[in-house]
Amino acid sequence: MQPRLLLLAAFLALLVLPEATKAEEGSLLDKMQGYVKEATKTAKDALSSVQESQVAQQARDWMTESFSSLKDYWSSFKGKFTDFWESATSPTQSPP
């Protein structure tokens with residue numbers, strides 16, 4: 001009777017072993033999916049940070065160009081206005 005009991009125990013162990021392997025595979029699969037999800041999130045965050053940095057740099061460049069253009073325009077306008085003002089306020093000679 002003992003050999004039958006040993007055979008039955010071995011048979012039950014063989015039945016349980018695939019279930020344990022499936023559980024480990026599922027656990028491994030879950031870990032890999034979690035790792036891939038975290039890696040994807042990290043990559044997206046890094047890309048977003050780079051894009052925000054590029055957008056910020058473009059905005060700074062645009063503002064610098066705009067202020068430079070405005071400064072040039074103001075200098076030109078001021079020069080013309082100053083010339084006009086000086087000619088309008090300069091004393092004119094009256095005819096003799």
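Quick reminder: no glycine exception, Cβ is built from N, Cα and C everywhere.
Summarising the annotation, Swiss-Prot assigns signal peptide to 1-23 and lists experimental evidence as the type of evidence.
Marked as site 'May interact with the LDL receptor' by Swiss-Prot: Lys41. Its own atom aside, the Cβ of Lys41 (site 'May interact with the LDL receptor') has 10 Cβ atoms within 10 angstroms in the protein chains shown.
According to Swiss-Prot, the methionine sulfoxide annotation covers Met63. The C-beta environment of Met63 (methionine sulfoxide), restricted to residues of the same chain at least 6 apart in sequence and closer than 8 Å, is empty.
Here Swiss-Prot flags 68-96 as region 'Lipid-binding'.
What Swiss-Prot records for Thr92 is O-linked glycosylation site, and it gives similarity to another entry as the kind of evidence.
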